[in-house]
Amino acid sequence: MIAAKSQVALGRRAPVRGQRAVCAATARPTWLPGLNPPAHLKGNLAGDNGFDPLGLGQDEGRLKWYAEAEKTNGRWAMMAVTGILGQELLGVSPSWYEAGAKEYDIPATPLTAIEFIVMGFLEIKRYQGFKTTGTSGFINSFPFDPAGLNSASMATKEVKNGRLAMVAFVGFATQALVTRTQPIEGLTKHLSDPFGKNITYYVTHLPEVLAGTA
């Protein structure tokens, strides 16, 4: 009796006999609903939905670096996807997957050397800044946030868009390899003939596709 009164006094209703008591708990979202996330993923990283099937993040130090690496690759993928779609929409020739074979004003050998020097410098500065500050940046600016958008919600959105862009780039590359078409071109062909221009057709006619006669 006293216990029941105490429950009422605290604003809680005592459970009725035969009724199961339910504890209200707020569970963080996971990549698969109802899944228990690994113990080393505590939800404090942007985009952490408990996905680590290989257990790569069990080392806390490496986990932070892996998160930084994922974000960096996601940024490159977002730029690549934007460039691929923009190049096709603007009608720039040749197609993105043939651009590497094109002759440019600077020969390939010195161009590669310049890229190694420039990208090597930027990557070294990025690594040094990350080790010192634990944040992403550019040259000596950590964090790099000229637009003033640095926030927890924007960090999560960036990671999610980066992951989507990485998947999209893999799709673009696979499409180019199998069908020899660009993203919008392949979509247009499929929509105009869904039963004739699909993955089954391209796989079963791969020699003709690669020869450009399909």
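In case you wondered, yes, glycine gets a Cβ from its N, Cα and C as well.
Just so you know, TrEMBL annotations are computer predictions that nobody has curated.
Residues or ranges marked as chlorophyll a binding site by TrEMBL: GLU70, LYS157, GLU158, ASN161, ARG163, GLN175, HIS190. The chlorophyll b binding site feature in TrEMBL is assigned to ARG75.
Annotated features taken from TrEMBL, shown on the structure.
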| residue | record | contacts (Cβ under 8 Å, 6+ apart) |
| --- | --- | --- |
| GLU70 | chlorophyll a binding site | VAL159, GLY162, ARG163 |
| ARG75 | chlorophyll b binding site | GLU158, GLY162 |
| LYS157 | chlorophyll a binding site | none |
| ASN161 | chlorophyll a binding site | GLY74, MET78 |
| GLN175 | chlorophyll a binding site | THR181, GLN182, PRO183, GLY186 |
| HIS190 | chlorophyll a binding site | LYS197, ASN198 |
| said: For a quick check of understanding: given the listed chlorophyll a-binding residues GLU70, LYS157, GLU158, ASN161, ARG163, GLN175, HIS190, what is the maximum Cα-Cα distance in angstrom, as an integer? | reply: 32
| query | Looking only at Cβ atoms, how many others are within 10 Å of the one on ARG163 (chlorophyll a binding site)? | reply | 17
| said: Taking 10 A as the limit, how many CB atoms besides its own sit near the CB of GLU158 (chlorophyll a binding site)? | reply: 18
